[in-house]
Amino acid sequence: MAMTKSTAGTLAHAAPLHGRPHELFNALRGIARELRADKLGAFGTMILLVLVIVAIAAPALAPYDPAAQSLADRLLPPAWLAGGSPAHWLGTDHLGRDVLSRTIHGARVSLLVGVAVVALAGTFGTVLGLVAGYFGGRADTIIMRAVDIQVAFPALLLALIILTVVKPTPGTLVIVLAANGWMVYARLVRGVVLSSRQSLYVEAAEIVGCRPLRVIFRHVLPNLTSPLVTLATLEFARIVLAEAALSFLGLGVQPPATSWGLDVAAGKNYIFDAWWLVTVPGTAIALTVLSINLVASWIRIATDPRERQKRFARGAAVSEMGA
Amino acid sequence: MKVGLRMARRAVVLACAGASMWALAAGATRAQEIVIALGSEPTTLDPQIRQDGGERAVNDNIYEALIFRTPKGELVPGLAAEMPRLLDPTTWQFRLRAGVKFHNGEPFTADAVVASIARMLDPAVRSENLSYFSTLVRAEKVDDLTVNVVTKAPDSVFLSRMYWLKIIPPQHARSPGFATQPVGTGPYRLVEWVRGERVVLAANPDYWGAKPGVQRVTYRFVSEIGTRLSGLLAREFDIISNLQPEYVKRAPKIGRVPALEVPVVIPNAISGVTADARVRLALNLAVDKKAIAEKLFGGFASVSDGQFISATWFGHDPTINAYPYDPAKARALLKEAGAGGAAIELVGTAGRWLKDRETVEAIAAYWQAVGLKVDVKILEFDGYLKRLFDRQSRPQAIYVSHANPLLHADRTLSDYYHEKGRGSSNKDAELAALIERARSETDPAKQAEIYHMVMKRAHEQAYFVTLVGIDVLYGLSQRMDWTPGVDGKFLAKDMKVTR
Amino acid sequence: MSAGFLLRRLGHGIVVVLGVTIVVFIVTRMVGDPVRVMLPIDASDEQRQAFAHHLGLDRPLPAQFADFFAKLARFDFGESLWQRRPAIDIVLERLPATLELVLVGMALALLLAIPLGVIAALRPGRGWDRATVSLSLLGLSLPQFWLGLLLIILFAVEWGLLPTSGRGTPGHLILPALTLALPATGRLAMIARSSMIDELNQPYVQTAIAKGLPLRRVVGLHALRNAANPVLTLAGWELIRSLAGYAVVVETVFAWPGLGYVAIQAIQRQDLVLLQTVVFVVAIMVVAINLAMDLVYKAIDPRIQLE
């Protein structure tokens, strides 16, 4: 992790903001420039922004209560198909519930669970990683041994057992997923802390007699920002998929609550009569995860000079030879 | 790169084609060979131990009972040469069919009957089917082809019990491999059981009865109905179990067993507002049974005629009519009973029976429409069972669904009509006395008469909010020709493949 | 490679398995009442009590715990509540199906990902590279349960090329293995591309090319070997994650009779004995894979110092 303030890309500049307006402006302009250079990244960011807005404003945007059943309007196709009704743009499911409303509310669950897990696991893992990396010694040994052991756990199967026994609610789901996800943060943070402690300015700060917490917050954390943001984004994508998979297996979000995974599970029994029931929530999951991944890869490229090189360098010597 | 892509595509198509040829060669769709997809794999092929639908679907073709049931539901002699005679009120004498052999060559004699009953009753065997045979004491061999079966008390359900009791080979049943190597007298014998994948049966060339048309039966196990349906549409399967009403129009053909499963709501006739018979009648009148059958079950259910048993079961009274749908009268009755706008708790569960939750919610909506305040409690199955069988305090109204493999009213009556039944909610000593009288009446005609009195009384008192009888549906491939019998058993000897 | 290293790793593995066992025990004994759910709806109270006694569920927790470990030490996991035969027999019957699926799936992923990644790395930023990156991102963003359903609709129902579900012929394996492989292919191709670009920019590769060595030999002999390490690390991870997670989903979608499918069936039937046996056996395999991976690194790249 050879990342210092001077070599990191614009995002790293943006990270340790001290509130001066022209710096903020410059940083935003830098981000905009990066996004123009990376069309896929821009696409992902846009989709993600839309999703966040949809999730926040779900009750206002959704035309119906996502749980409202109407046996008379079962399995209506989307509005543009024969038999569709303009009252239900994306059709209705096997209980006559509005697919568009369910998909909109599903965004809430997916993003909320994702954010909560990332926040919980990220905080926990970062704190432990900082402790392990900064103080070393016995704390380091114990924490890293715990990480090693937990990494070797059959995580998803254990999650299945736990969710079978404690009734799955969004809360338990977040806790179980976070308990399986904190280790990566601890490893990453410890690594960065170890390497940045060796850098001159941290050594200098310690010699001058700064207190450990101050050293961590002033000098170590800024170095962590961009790798942590990249990791958290990737983990976010993974969690959205994991929540969908658990809900699909019937061990995640429970009816009458909604979740994209749950809707695919319910819709899979109707794939021949009502293809939209799996297609709509399935596409929503794929699009969400894809845009998160695009954003993650853009952040990584934008902040890591070596990655920038990989994108822009044409493989210098190699391309001259011809494959 | 284009060339590469094209080659890759060609390789994929070739690989797929090759693999599907292999699948065909493995014999999925040849004439007189059928594939049945079940929702669950048998846990054992021991015919006596488990209550297990997968096991029965296979073993009903391998093993046979003394009494058979015709597709229309009549009980007829099976391995018995004729219907049994009653020697005294508790002893039935069977004459056995001569010359029948088990698949391993063991002869079928009185010893097999004695061994089958002894093993079923043996506490060490821990059979889950024991409750069907709890009235039996023992079987005694008279001679090789004559056997007496002794019951504890006069037993009116005896013939149905004998239809449910599979006869096992006395020698082989003692071998440790019995649970995986079934050996019966039936029209099919086991070829192989590859756990997790398939069970294969082949026609028994030495079968004593009419030779079956279908020569080979393969069972596959696919728990998801959507996946089973995909297999049916892809012509991998010829029969799929438990087709849901929504998919009927997708399946090339269907098989239909009318009203095998009967859901009902039991109102508390002991205490609370529902102790008043007028309120219970109002609860019945408020529900549009026809709409539930049409909308919820897609027409594959029939309105129950005011009884908590199906029309195909012994004891059913055909002269009773369904409670009409009359919300106005329901309101009037509630008002008359001083229960207008009363609060009612309705307990149900989700995911255990076909559309259980939806049914409870629909009923709640109908009750609400006549002015009641309905508090729907959908409980985990665990908690639900505690409420259902709580003898101390009965829930005010509880949903339950009931199937009766013996197709005989006795079990339903003992459990839900009799005041001391596990799930009953009435204190009607007169009704209980009738039920007990019926149980020891061995003349079927007289017994039916008593049952009809029970049904009429329960109907007048509206002890149940009767709903619909749900059909069991099977998806069939285009080439299958099969009409399942009233008991819904997968009997391959009744199946035909047309070309 | 010292014996000490092996022993340390083995000890570490035992700690993991013990940890899993304890977690599983604590979690499963918190369940409400398996007896009530397992027995038929009309079982009598005596039957229920006898059943609880049979399972040892009527004894105090510490006694159950001691019993649990004593039996585990003898590889006795108890009788499956659902199937009424030793749970370990069921798990061992299902194990080959899962291994077949996971190993074929991962082999497929590696076979697809390495050429894709390497070719992309030869000309970064060009068309093939951009296509690889985009497709990889798409592949790793697809939910597997959904991908599986789409493949069933297309290949099995619409085109009738492959069976919809189950196991038996090689044809049955194609769709589940592909579903398992595709997201892994995306991740592996990205890593293969990235580490290959790193290697190709190393001075020694540049020198070799300048000397006029044919590109194929340079790529094949030197760069690929050095770039293999991150790819193999990730492949090991993918193998573990497939075994302990993704396979559950894929097997459920395709009714593939492996450990994941049986785990879901055990959950539906509240068969905790069987479920904990599955978890235990998978934990042992995860530990074994980790150990094997350590050894493979060492064999491939002697520069690696283990501990």
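Just so you know, glycine gets a Cβ as well, placed from its N, Cα and C.
What TrEMBL records for C:95-297 is domain 'ABC transmembrane type-1'.
For the transmembrane segment (C:12-32), the list of distant contacts is 61, 64-65, 68-69, 72, 270, 272, 275-276, 279-280, 283-284, 286-288, 290-291: same-chain residues at least six beyond its ends, Cβ to Cβ under 8 Å. TrEMBL lists C:12-32 (among others) with the feature transmembrane segment.
The transmembrane segment annotation in TrEMBL covers C:101-122 (among others). Nonlocal intrachain contacts for the transmembrane segment (C:101-122), taken as residues 6+ away from its ends with a CB within less than 8 angstroms of a stretch CB, comprise 128-129, 132-133, 136, 173, 176-178, 180-182, 184-194, 196-197, 200, 219, 224, 231, 235, 238-239, 242-243, 247, 250-251, 256, 258.
Away from its own ends, the transmembrane segment (C:134-161) comes close to residues 116, 174-176, 178-180, 182-187, 189-190, 246, 249-250, 252-254 of its chain (Cβ-Cβ under 8 Å, at least six residues beyond either end). TrEMBL lists C:134-161 (among others) with the feature transmembrane segment.
Feature annotation from TrEMBL assigns transmembrane segment to C:173-192 (among others). Residues 100-102, 104-106, 108-110, 112-114, 116-118, 120-121, 132-133, 135-142, 144, 147-148, 151-152, 155-156, 162-163, 167, 227, 230-231, 234-235, 238, 242, 246-247, 250-251, 253-254, 256 of the same chain, all 6+ positions outside the transmembrane segment (C:173-192), place their C-beta atoms under 8 angstroms from a C-beta of that stretch.
According to TrEMBL, the transmembrane segment annotation covers C:243-267 (among others).
Below 8 angstroms of C-beta separation, residues 1, 9-10, 13, 16-17, 20-21, 24-25, 28, 55, 72, 77-83, 87-88, 90-92, 95, 229, 232-233, 236, 239-240, 243-244, 259, 262-263, 266-267, 304, 306 of the same chain, each at least six residues beyond the ends of the transmembrane segment (C:273-297), sit close to that stretch. If you look up TrEMBL, you'll see C:273-297 (among others) marked as transmembrane segment.
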